[in-house]
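Before any comments, here is the structure.
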Amino acid sequence: MAAAAGRSAWLAAWGGRLRRGLAAGRRAVPTRGPLAAAVAGVALAGAGAAWHHGRVKAAAREGSRTVSAQKNYLGPIEKLSLRKQRFMQFSSLEHDGEYYMTPRDFLFSVMFEQVERKTLVKKLAKKDIEDVLSGIQTARCGSTFFRDLGDKGVISYTEYLFLLTILTKPHSGFHVAFKMLDVDGNEMIERKEFVKLQKIISKQDGFKTVKTNETEYQDPTVKEPGVNTTLQVRFFGKRGEKKLHYKEFRRFMENLQTEVQEMEFLQFSKGLNFMRKEDFAEWLLFFTNTENKDIYWRNVREKLSVGESISLDEFKSFCHFTTHLEDFAIAMQMFSLAHRPVRLAEFKRAVKVATGQELSDNLLDTVFKIFDLDGDECLSHGEFLGVLKNRMHRGLWVSQQQSVQEYWKCVKKESIKGVKEAWRQQAGKGPF
């Protein structure tokens, strides 16, 4: 605990300020509450955009070889998908013409919409990448994995898409795809099968361009990186000789979701172990540009009482709910078809049906007060869903995306292709 607190204080002094309101120089005080395990995240969040801005001088002191951040890969920006643009903006490593993120870059990319910075991208030789990845196998594989690694990791674009999908989709679909590629039936896959799983999941997640909303041609054919990456070393070892069991992969998904949730909670709670309801509203509306945004903020000012707060556990339960938005939307269709408003009890029941869990009355009351556009104590659920999708996709959601049924149908189709290929490679001639 003392070591974590010391590291937090050092990072806070180095980072300077949090983009969304963390005061410069604020110290993180470790507590015995539920945020104790995540205390290092306060300082990492506090570093925020300021860290990226200071990266140039730090890199120069390290004597790293760098190239200008005027990345000519951006070219005609409108031809890149929203996710590709975000990846390019936050990536800080380059090897053999390919760009990569560090674990820190990834966390910042899901916390912040953009970074105002003039930065230099570090060019790495293959030996440099091996050095960067050297500590991954000994890192603690819990809910502080990415924070503990910091810059000691390499994340490819395919892995970036895969990690984003973990944050926005329920686990059930991953299990189906995992079992489809498990030709031995022991819920274990090898490295080459995991690469297929990444491409299958990432390929289907609606890679839309900014202006045309057409599927980007480059994304579905992203090639496998020519070097080891963070996830590959974490799951399969440096030489790729290990196998990955689904239970371990599920723990990784749960830990990743927990880590990002803790980081965002600390970001908007200003490092405290509770979040004011106004802070929760700010988190909800962070990536939202709806025309009713002013009405939502008026509701926050007029309907939410000063001093009321949201706990970390309540925040996590709400984030769990947001990974089941497609199922929740189906439950809401009965109200849309009947032209009926959604009242609190009906909303609560729909959440239970979609997720198997309940949201606290405190959370439900907060959501209803914010999204009651007409003052009739009913939820404007259509726009509420749009706001939540933008929130969970970190501003990268395109409304024309396919439904969850279409998504997993595509996943199943691609998984079958992967199974056929796996059988051919394993037996020379498969039963297909």
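Quick reminder: no glycine exception, Cβ is built from N, Cα and C everywhere.
If you look up Swiss-Prot, you'll see 1-22 marked as transit peptide. The domain 'EF-hand 1' annotation in Swiss-Prot covers 169-204. According to Swiss-Prot, the Ca(2+) 1 binding site annotation covers Asp182, Asp184, Asn186, Met188, Glu190, Glu193. Taken from Swiss-Prot, the feature phosphoserine applies to Ser202, supported by similarity to another entry. Swiss-Prot lists 224-259 with the feature domain 'EF-hand 2'. The annotation domain 'EF-hand 3' is assigned in Swiss-Prot to 290-325. For 359-394, the entry in Swiss-Prot reads domain 'EF-hand 4'. The Ca(2+) 2 binding site annotation in Swiss-Prot covers Asp372, Asp374, Asp376, Cys378, Glu383.
Features per Swiss-Prot, on structure.
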residue : record                : DSSP (3 states)
Asp182  : Ca(2+) 1 binding site : coil
Met188  : Ca(2+) 1 binding site : strand
Glu193  : Ca(2+) 1 binding site : helix
Asp374  : Ca(2+) 2 binding site : coil
Glu383  : Ca(2+) 2 binding site : helix
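Its Cβ taken as reference, Met188 (Ca(2+) 1 binding site) is surrounded by 17 other Cβ atoms within 10 Å in the chains shown. Counted with DSSP, the domain 'EF-hand 3' (290-325) comes out as 23 helix, 3 strand, 10 coil. A 10 Å cutoff on Cβ-Cβ distances gives Glu190 (Ca(2+) 1 binding site) a total of 19 other Cβ atoms nearby, all chains included. Non-local contacts of Asp376 (Ca(2+) 2 binding site) by the CB criterion (under 8 A, 6+ apart in sequence, same chain) comprise Pro341.
Cβ neighbour count for Asp374 (Ca(2+) 2 binding site) (all protein chains, 10 Å cutoff from its Cβ): 9. Among the binding-site residues listed here, namely Asp372, Asp374, Cys378, Glu383, Glu383 has its C-alpha nearest to that of Glu193 (Ca(2+) 1 binding site). Annotation for the binding-site residues Asp182, Glu383: lowest Cβ count within 10 Å of the residue's own Cβ, Glu383. Remote same-chain residues near the domain 'EF-hand 2' (224-259) are listed as 38, 41, 95-96, 98, 100, 103, 107, 126, 129-130, 133, 136-137, 139, 141-147, 149, 153-156, 158-159, 162-163, 166-167, 171, 174-175, 178-179, 182, 187-191, 194-195, 198, 316, 319-320, 323 (criterion: CB distance under 8 Å, separation of at least six residues from the stretch ends). Between the CA atoms of Asp184 (Ca(2+) 1 binding site) and Glu383 (Ca(2+) 2 binding site) there is a gap of 45 Å, rounded to the nearest whole number. Take the mean position of the Cβ atoms of Asp182, Asp184, Asn186, Met188, Glu190, Glu193, the recorded Ca(2+) 1 site; other residues of that chain with a Cβ within 8 Å of it are Leu181, Val183, Gly185, Glu187, Ile189, Lys243. Long-range C-beta contacts of Cys378 (Ca(2+) 2 binding site), restricted to its own chain and to partners at least six residues apart, with a cutoff below 8 Å, comprise Pro341, Val342, Arg343, Phe368, Asp372. For Asp372 (Ca(2+) 2 binding site), the count of additional Cβ atoms within 10 Å of its Cβ stands at 19 [all protein chains shown]. For the domain 'EF-hand 4' (359-394), the model's pLDDT averages out at 86.
Summarised by DSSP class, the composition of the domain 'EF-hand 2' (224-259) is 21 helix, 2 strand, 13 coil. Rounded to the nearest whole angstrom, the C-alpha distance between Met188 (Ca(2+) 1 binding site) and Asp374 (Ca(2+) 2 binding site) is 52.
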